[in-house]
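Heads up, the thing below is written out as structure tokens.
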Amino acid sequence: MKRHLNMLREFSIPLISGVIVALVWANISPESYQHFDHDRNFGPFSFHFIVNDFFMVLFFGIAAAEITQSCLPGGDLYPLRKAVNPLLATIGGVVGPVLVYVVLNALMGDPSLLRGWGIPTATDIALAWLVASLVFGKRHPAISFLLLLAIADDAIGLAIIALFYPDPNLPAAPQWLVLVLSGMGAAALLRRGNAQSYWPYIILGGGLSWAGLFMAHLHPALALVFIVPFLPHPHREKKHLFEEDMRDLSPLASFEHEWKVMVDFGLFLFGLANAGVTFGSIGAATWLVLASLVIGKTGGIFFMGWLGRRLGYPLPSRVGGKELALVGLIAGIGLTVALFVAGEAFTDPARQGAAKMGALMSAGCAVLALAAGRIMNVKRIT
């Protein structure tokens, strides 16, 4: 049973299932879908609010834990020189899509769509890892390169959400951010007091951080991003991303181990809450987002990875031009975070739906990457 559940997680079946159910529901009965998703059917809360502002706290908390672990000695982003080329590629993978989006939008002459520039900046780590494993094989050095890039990519994505996408309906109230600082202070004191359970950090520090972001009209989903780095952890990281060290019982590792499964399966709810757009929603924003992910990611990552090599920061062994181009194409799968940002970037339902369709259609990068891998005869290492 456990093997089958792990297979479902590995192939991102919960997220994909949620997306499919939402798409079918929204296209068969859009009124009932909107009622379920946005009306206050759960006391004072809507299903959409519960998923995006409560459940996604854990999703971004797990992302913060993975980034924190990767920055420890022995982790994938330590020391810095080891990660220079992937980090340069990350810059290309963020700047490239933004440039494509801004230039295409200028050519289209629709200033109202400019706010969506942040949608194509992040990569869906889980789906990218799955596709890369199918293209390269699980032991190919290109996998580690892609995951390093995706981790840093997500860190930038979190910063973009926090800084550039406040609630457009409510003015920011930065005075409430003192609660976020209080939460961080509480977490620091707990760590100094050697609290060896993650619960006090999450409840006290996370609770204060969530309240501060909510009252400041920012994104409470990011509450644990400010708290998780304070969780006690070993001095060295012994495993790579998606590898579990069952001997690591630190609060940081325990938080990730105990919540990652629930988060992976809970992504069904995220897909259900955010992917319900009608096929008639396809519009200018769809093609802006899709082109930015496919062209901007591929071109940006390829160019900066090539430039890094020219500057003396080598690519991993067995990663040449064709592998680098495939990594860029796979990184164009922007499903989860892109859907989240699309929901924050636009309040107009038509523009929001069109942008979300672009994020959903970016899953087609998987098909393109699999086909390109065959055509270019990429050697798989299993």
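Yeah, the Cβs are placed from backbone N, Cα and C, and that goes for glycine too.
The transmembrane segment annotation in Swiss-Prot covers 10-30 (among others), and the record cites sequence analysis as its basis. Same-chain neighbours of the transmembrane segment (10-30): 126-127, 130, 264-279, 335-336, 360, counting only residues six or more beyond its ends whose CB sits under 8 Å from a CB of the stretch.
The annotation transmembrane segment is assigned in Swiss-Prot to 45-65 (among others) on the grounds of sequence analysis. Residues 36-39, 125, 154, 158, 202, 206, 210, 214, 219-225, 227-229, 231, 252, 255-256, 259-260, 262-263, 266-267, 269-270, 272-274, 336, 340, 343 of the same chain, all 6+ positions outside the transmembrane segment (45-65), place their C-beta atoms under 8 angstroms from a C-beta of that stretch.
Under the heading transmembrane segment, Swiss-Prot lists 87-107 (among others), citing sequence analysis as support.
If you look up Swiss-Prot, you'll see 116-136 (among others) marked as transmembrane segment. Long-range contacts of the transmembrane segment (116-136) within the same chain, counting only residues at least 6 positions beyond its ends with a Cβ under 8 Å from a Cβ of the stretch, are 10-12, 15, 63, 66, 93-94, 97-98, 100-102, 105, 142-143, 146-147, 149-151, 153-154, 156-157, 160-161, 164-165, 241-242, 264, 285, 288-289, 292-293, 296-297, 323, 326-327, 330-338, 341-342, 345-346, 351, 355, 358-359, 362-363, 365-366, 369-370, 373, 378, 380-381.
Annotation comment: Swiss-Prot describes 145-165 (among others) as transmembrane segment, evidence class sequence analysis.
Annotation source Swiss-Prot lists transmembrane segment at 170-190 (among others), citing sequence analysis.
The feature transmembrane segment is assigned by Swiss-Prot to 211-231 (among others).
Tertiary neighbourhood of the transmembrane segment (252-272): same-chain residues 5, 8-9, 12, 14-22, 37, 51-52, 55-56, 58-59, 61-62, 65-66, 68-69, 126, 198, 202, 228, 231-234, 244-245, 336, 339, selected by CB-CB distance under 8 Å and a gap of 6+ residues from either end. Swiss-Prot lists 252-272 (among others) with the feature transmembrane segment.
As annotated by Swiss-Prot, transmembrane segment applies to 275-295 (among others). Under 8 Å from some Cβ of the transmembrane segment (275-295) lie the Cβ atoms of residues 18-19, 22-23, 25-27, 30, 33-34, 37, 96-98, 100-101, 104-105, 108, 110, 113, 116, 119-120, 329, 332-334, 338-339, 342, 346, 350-351, 353-362, 365, 368, all in the same chain and six or more residues away from its ends.
Here Swiss-Prot flags 326-346 (among others) as transmembrane segment.
Within the chain carrying the transmembrane segment (353-373), a Cβ under 8 angstroms from the stretch's Cβ atoms is held by residues 19, 23, 116, 119-120, 127, 131-132, 134-136, 274-275, 277-279, 281-290, 293-294, 325-326, 329-330, 332-335, 338-339, 342-343, 345-346, all 6 or more beyond its ends. As annotated by Swiss-Prot, transmembrane segment applies to 353-373 (among others), with the evidence given as sequence analysis.
By the count of Cβ pairs under 8 Å, the stretch nearest in packing to the transmembrane segment (326-346) among 87-107, 145-165, 170-190 is 145-165.
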